[in-house]
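A.B. asks: Let me give you the structure first, and then I'll get to my questions.
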């Protein structure tokens, strides 16, 4: 492959690498409300990411800290004073746990999505390209997984992996693995559908005609063309991953408070507080979940709209501003060279 | 730019009513790459009972002009100027008024009849839909379903669908392609509009069917006085049907003249070159003056003997025989032209030779290898001797790879050259197809259609193949580009001396390139022989019909041909 990369000439003006990255390119071609949605999503997601990375600096206390130099924290204290967002029934600082919770959420997203993308993409490529009985079996299995309620599946896997114990790593892996299993069929289906479509494209046939092997066709010709929709599923699945994690935690299959902070678990513990008028223990972890999911969903939906030329908004042309100069070099999409071949006999 | 002095137009024109009057129309599209001025300044008019052809290559703005007439432009378009239909300016109408005009005053015939009809409704329902939609507006109150159906039957009868009372209840899939186009025309005629806009009405159809549809359109004009705006890129169709021609280029009108004048004495350089580029059956033939088949003493590359290729049928239906008992040989240095309409099996044969389809009977020897029991592993070494040029240059390149990478692909698989060797060879190949070597770093979408097809040819030639299969290599290109690519193709074939199977539906194109021509019809090779003899003195009935159907780009000659062939074509 190195043979041709050196062929890349400098004469060819094209957008820089950075400008062609998924989210950046989407931002550049967005206008109006669509750009607003994308920007809001990016800001929400950005704050989430920054908080996760800077959690040790931002959080006033550790996630499992119950006391400091002045002694034990009070329990169920209202927001204010030393504890900006109050404390829980167990005496944890709510603000600190919300902040540390971003780390757990991020780790689960990364592990879950990376695992499911790898497995899903490879299975989808092989299944779609080779077809036959292998394809049929894989599709049936994927459908069978769809039939399970995802939370039930997650609970079963959480039990299998951690055996009821809950360490930080065990908890995260259990949550991530269960999410992975639920998501693999989605990636599998998308990539398989794209592969089947691409398999009939003339450029794949032309690779077959020159004698390219199956592995080469899959990796070089199909893979790169089939993965265009991945950023979209990635963002949408990331938000679903958080919801599954929170659901697991809420049901009690999450991570113990001593090993990591987890929003769903905190929500569960806050249930009893609601009736006694203690709102801060439930509100803030809940808000954190909404914040993160909203941010990721907005990014995902914007990318979805922007990828589709029919849904993408464009600036309207102004009626009067039609300069004579650049119009001569106009048709952009399908190559103007065709016409010029004739015009100079 | 309009150059239409009153003297050239028919003197009767002054008495006739103007149906459509376009005045200084401009259309601009907002795209990702900035504004595109698709139509810059177009003024034209159409009289009652006149067929006005708008011709031009892709990107000339002809379709956009046509769509403006019906107010069908997408949201991203901005238009200015005036499009007057019976006194109403389409551009400034609101959607409600526009709906009134559509169907009643002006109707459209689309390019692809199979997608223009809704597959889940009967054709009668679809024709009646337009009738009932306009019923209230005419002041006659609602039209009953029965009445609408009666009028749909009448419309179907008008366009020559046999047994309309019965077939009005048929679904679109029960009609053939040509009949579907008749149904679309019937739907357009249902309300007797004064003007029909036909956007490439015959492009998706076979030549023999095209001749029938052109005849039908001519009938409409003669019998009912319907005016037609005909959008097409096919100069033969223009010569056959049009009264007056408008030539468009890059959003502007280059020339406007009565059809006979335009073909006889084009005034503008652009028109002259356009007409010169149109392949004309019998001119510039590769086999002119030949009396026997050439290259027979050389190595036989492909030998088909009673070849059969079947596609398995669906459950309960028998297998479909795409190729049925075809025998031919192709020798080194020879160009074998395979002609046929859609479904004749010509592409199937080409794909079978390249190992993309399996043969199911008879014998097909490609470079001495029997394809009947094809095993990819043993066939692979031979693949470097076979080049393949696909029909659609846009789709046959991987959009993620540069042109250089695509051209080097066959070398990387078979000969594994070093970086420098590969680069050098890619440069040579690009130059041999008359592209600058710097194009190696471009991506396919940055090239025009003609350039991409040249690059495709370069890829096919990269390993100096002994055999080249070209499947409709020029049918996706504009005529002027087609002419250049064909010329290049001929030069390269003479230079490299490979054997070539040239597949096309266009007789004139095949005649330019190939000395030996085979005619396929429904999977059978009905006739083969020296090109000029097959075209000049066809033996088989089907070949005769095929050649008679092909409109030649010359109104006078075409009118004569039409008279001569009327009986043969059954019209």
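Glycine is treated like the rest: Cβ placed from N, Cα and C.
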A.B. asks: Pick from A:71-93, A:278-300: which range has transmembrane segment per TrEMBL?
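C.D. replies: Going through A:71-93, A:278-300 one by one, TrEMBL gives transmembrane segment for A:278-300.
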A.B. asks: Of the ranges A:36-59, A:204-227, which one does TrEMBL list as transmembrane segment?
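C.D. replies: Among A:36-59, A:204-227, the range TrEMBL annotates as transmembrane segment is A:36-59.
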A.B. asks: Taking a Cβ cut-off under 8 Å, which residues six or more beyond the ends of the transmembrane segment (A:167-188) line up next to it in the same chain?
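C.D. replies: Here the qualifying positions are 104, 107-108, 111-113, 115-117, 119-121, 123-124, 127, 138, 142-143, 145-146, 148, 150, 153-158, 161, 230, 233, 237, 240-241, 244-245, 248, 253-256, 259-260, 262.
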A.B. asks: Under 8 Å for C-beta pairs, could you tell me which stretch among A:36-59, A:137-161, A:230-255, A:278-300 has the largest tally with the transmembrane segment (A:105-130)?
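C.D. replies: Most Cβ pairs under 8 Å with the transmembrane segment (A:105-130) come from A:230-255.
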A.B. asks: Out of A:36-59, A:137-161, A:230-255, which stretch touches the transmembrane segment (A:278-300) the most, going by CB pairs under 8 Å?
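C.D. replies: Answer is A:36-59, with the largest number of Cβ pairs below 8 Å.
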